[in-house]
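Colleague: Here's a structure for you.
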Amino acid sequence: MGQLRRTPITRQIKQNKTHANVKAEKIVLAAKYFLVDRQSSQTTQVLANGFNLEYTIRLCIGTPPQCFNLQFDTGSSDLWVPSAKCPSTNEACQKHNKYNSSASSSHVEDGKGFSIQYGSGSLTGFLSTDTVDIDGMVIRNQTFAEAVDEPGSAFVNTIFDGIIGMAFASISGGITTPFDNIIRQGLVKHPVFSVYLRRDGTSQLGGEVIWGGIDRSIYRGCINYVPVSMPTYWQFTANSVKVRDILLCNGCQAIADTGTSLIAVPLRAYKAINKVLNATDAGDGEAFVDCNNLCKLPNVNLNIGGTTYTLTPKDYIYKVQADNNQTLCLSGFSYLQGNLLWILGDIFLGKVYTVFDVGKERIGFAKLKKHSSYSAYASSYVKEPASYGIDYYSYGDDYSRFFT
């Protein structure tokens, strides 16, 4: 009870990323932020190829446990899994693990409806309450959604069964989020979780979620904290974003979102980036560059809380396959109609160690050590020096962390 815990993240990279993958991801991204992407007016069949890449954690529900691979998403607050009550015509449900309430002795019926809009279709179902187990961290009386209908082929080929949202409860529709319950039930000593996403990981080693604290072995220097602008998404103020000498934003609002691989930007910034990269706008908020000129592309520098984080062309350019199997070079900077925020996905978060401090309503970033590595079962605790950004006044002198 109250100790720091670790959950491994699984990462699967599609061997052949396609343009359709990007379109699928953008429709889901738009839905999370209540935006209307241009793709949304089209059939959700464009989602058939699934998403670009996916980070998942393992979670079990019920007694005895029924286990699922869930997308770890700091850009939403909902927990949902496929329901055993879904119809046989729901292909996505039939191809994934399903929760069977009648097989769980700890299930408590709720029955209220649940719905999320994705493009031209909706994911619908109902609420249930049961015991949730995340690597031995047992959450009692957690309410979640059982998905009965899933839109089009949106989730047919995903490696994840459902989603666990890690944003604030203010956007969860009145449902207590899993992490809020973790805090209330005393399963962690401090109201913090931290995330390390391995961009060079395999399907076995995709990174780690550290519940209740931080791991100094993963990062170098200090954790740079900035306040959350409003406790809905993990939204904060970025001082600036520059490419060469061009200022793309000054005091702009940004969101840390582990549920997307892209960086979605406002329209003015999108056009400015494309001009610098000499990129061709495909017309749907997606831009392509000449694959022969990647070595000539500039770095993009984000200043957050006075610290600069650099994205290289290797970080923000994706090689994808077109419908004709031609290899294209896609800019990871995308635009969604109506978006005024910098939504920072894996392109950025895969470069940093991120601390999500619920108790202080702040978010912290630190630069990764070169060749960062970790052991999921390290055995000793040490105290974090005050110089590394931990607020001992808030958290107490006994703040400990797992050290590897």
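Including glycine, each Cβ sits where the backbone N, Cα and C put it.
Relevant sequence annotations retrieved from TrEMBL are reproduced here:
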type: ACT_SITE; residues: D73; note: active site
type: ACT_SITE; residues: D257; note: active site
type: DISULFID; residues: C86-C93; note: disulfide bond
type: DISULFID; residues: C249-C252; note: disulfide bond
type: DISULFID; residues: C291-C329; note: disulfide bond
type: DOMAIN; residues: 55-366; note: domain 'Peptidase A1'
Colleague: Over all shown protein chains, what is the count of other CB atoms within 10 A of the CB belonging to C252 (disulfide bond)?
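Modeller: Its Cβ shell of radius 10 Å holds 18 other Cβ atoms.
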Colleague: Look at each of the disulfide-bonded residues, C86, C93, C249, C291, C329, and point out the one with the fewest other Cβ atoms around it within 10 Å.
Modeller: C291
Colleague: Do you see any of the disulfide-bonded residues C86, C93, C249, C252 whose C-alpha is within 10 Å of C291 (disulfide bond), and which ones?
Modeller: none
Colleague: Least buried of the active-site residues D73, D257, going by other Cβ atoms within 10 Å?
Modeller: D73
Colleague: Roughly how many Å lie between the Cα atoms of C252 (disulfide bond) and D73 (active site), rounded to a whole value?
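Modeller: Approximately 22 Å lies between the Cα of C252 (disulfide bond) and that of D73 (active site).
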Colleague: Report, in whole Å, the straight Cα-to-Cα distance of C329 (disulfide bond) from C86 (disulfide bond).
Modeller: 39
Colleague: Nearest to D257 (active site) by Cα distance: which of the recorded positions D73, C93, C249, C329 is it?
Modeller: D73
Colleague: I'd like to know the mean pLDDT over the domain 'Peptidase A1' (55-366).
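Modeller: Across the residues of the domain 'Peptidase A1' (55-366) the model's pLDDT averages 92 on the 0 to 100 scale.
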Colleague: Can you figure out which of D73, C249, C329 (the recorded positions) comes closest in space to C93 (disulfide bond), comparing Cα atoms?
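Modeller: Out of the listed candidates, the nearest Cα belongs to D73.
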